[in-house]
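Here the structure is laid out as structure tokens; the discussion comes afterwards.
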């Protein structure tokens with residue numbers, strides 16, 4: 001018996017709708033397009049056209065599979081990703097549009113690096129993308145959609161892609177042949193880094209398994225029953241892969257290398273904690289189209305590592321939630337800062353953030369940038385800023401030297417360095433915030449007549465810092481009452497109160513940057 005396109009589509013739409021498929025009409029058309037090999041436009045225009053018995057039989061078989069909740073991508077054997085169709089089957093994760101953010105980030109970083117010295121001489125984005133070659137490692141390539149998209153967009157790039165699944169590797173190789181990139185990709189059967197030589201890479205990228213087993217019951221039937229669990233679920237509350245990458249990645253990165261990873265939308269704080277504790281910087285957290293945290297950009301601290309602890313006592317659930325949801329809004333970046341027109345003050349090592357929050361509250365038209373690697377303190381600032389509706393601040397929970405690289409010269413109206421660790425033992429003094437080289441950098445960041453405030457409750461450290469400033473800095477002391485009088489709007493912090501209770505006297509050095517050329 002023959003049926004028209006309209007009858008077939010209507011019947012399929014009703015059946016798919018009955019089992020809760022979100023877009024039943026569209027999926028019915030996709031299945032029929034796959035069977036007839038005719039464009040959807042043709043199917044919509046020729047609704048009264050009769051289908052052959054063979055076409056109807058083939059369509060019904062595919063529809064039965066979809067009614068059993070098999071993903072449509074597996075049924076038709078392809079899935080679009082980054083404007084290209086990739087071969088997929090039950091051995092690989094189905095590409096998601098959220099993962100395209102990861103590809104965007106890597107391309108953006110390549111463009112940014114090439115722009116540093118070439119953009120003014122180039123005429124097109126294509127020229128920027130082909131200027132310099134890059135070596136990329138992808139961990140857990142699956143279908144190869146990430147690696148192959150990068151190869152297609154970045155012609156001078158070479159990639160090594162690994163996967164633990166032999167069947168997934170076959171799919172990735174088929175896609176590399178489809179897009180004619182086999183000469184620039186090496187696909188290796190490896191469990192993470194195990195089979196790699198000691199090659200160095202510009203970027204390590206991965207969309208690792210990150211779903212905890214406890215979330216399984218909340219997931220769609222078609223995902224649980226059909227997609228490979230090894231590509232979805234991870235131990236350690238979904239964080240196992242991030243720990244493996246954090247532990248091993250440094251030895252495979254070039255000096256300026258980056259790690260770009262997809263994360264679950266509620267995992268930013270937990271993943272950040274893992275990498276911070278392994279000696280990395282969290283450079284940026286990117287959001288997807290639904291404004292969920294989706295991709296994290298990471299770089300090793302190397303010789304510029306911070307000596308402070310990243311975590312004091314364990315983060316509470318509330319603190320983790322604040323770091324996940326609020327920190328990305330207030331995370332310092334060059335992009336956020338470059339168009340800044342307000343007065344700007346930098347506080348280095350803000351501790352629990354009492355001073356930073358108070359200054360921001362009293363001076364709503366001024367931007368305050370806080371640097372602190374201690375995540376409990378960062379979470380405390382986010383908590384109190386939300387309670388008091390304070391938004392005129394940015395946070396940098398990383399090493400000081402990294403933000404100094406991103407701040408333009410002559411951009412700061414003031415710098416606060418309040419009660420930094422004195423590192424009293426001689427062999428530890430190299431860890432102090434102040435040294436000759438960093439002092440020069442700090443004064444260059446200050447505007448002419450900008451202020452630097454230094455405070456310490458350790459008398460020897462205070463006067464050693466003063467001697468260093470007098471010998472190497474272009475500053476004038478603008479306040480002197482035996483250095484006991486703090487700057488305007490100062491509040492006694494918990495640390496300062498502890499010093500008072502211990503009979504230690506806090507001294508404040510208030511300096512003005514003398515007129516000089518930058």
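Yeah, the Cβs are placed from backbone N, Cα and C, and that goes for glycine too.
According to Swiss-Prot, the feature region 'RF MTase' maps to 1-302.
What Swiss-Prot records for 1-300 is region 'HemK'.
Secondary structure at residue 207 (substrate binding site), as computed by DSSP, is coil. Residues or ranges marked as S-adenosyl-L-methionine binding site in Swiss-Prot: 140, 141, 142, 143, 144, 163, 192, 207, 347, 372, 399, 421.
The local packing around residue 210 (substrate binding site), expressed as other Cβ atoms within 10 Å of its Cβ over all shown chains, amounts to 23. The substrate binding site annotation in Swiss-Prot covers 207, 208, 209, 210, 425, 457.
Per Swiss-Prot, the feature region 'tRNA (guanine-N(7)-)-methyltransferase' maps to 301-518.
Summed and averaged per residue, pLDDT over the region 'tRNA MTase' (305-518) gives 87. If you look up Swiss-Prot, you'll see 305-518 marked as region 'tRNA MTase'.
In the three-state DSSP classification, residue 421 (active site) falls within coil. The active site annotation in Swiss-Prot covers 421 and is backed by similarity to another entry.
Here residue 142 (S-adenosyl-L-methionine binding site) is positioned 15 angstrom away from residue 210 (substrate binding site), judged by their C-alpha atoms. In this structure, the binding-site residues 140, 209 were compared by how many other Cβ atoms lie within 10 Å of their Cβ, and the smallest count belongs to 209. The Cβ of 399 has fewer other Cβ atoms within 10 Å than any other of the binding-site residues 207, 399.
Neighbour counts were taken at the CB atom with a 10 A radius for the recorded positions 347, 421; the maximum falls on 347. In this view, the densest Cβ surroundings among the binding-site residues 142, 144, 208 belong to 144, judged by other Cβ atoms lying within 10 Å. Taking the Cα atom of each, residue 347 (S-adenosyl-L-methionine binding site) and residue 457 (substrate binding site) are about 17 angstrom apart.
Recorded residues residue 142 (S-adenosyl-L-methionine binding site) and residue 207 (substrate binding site) have their alpha carbons 9 Å apart, per Cα-Cα distance.
Here the Cα atom of residue 207 (substrate binding site) is found 11 Å from that of residue 144 (S-adenosyl-L-methionine binding site).
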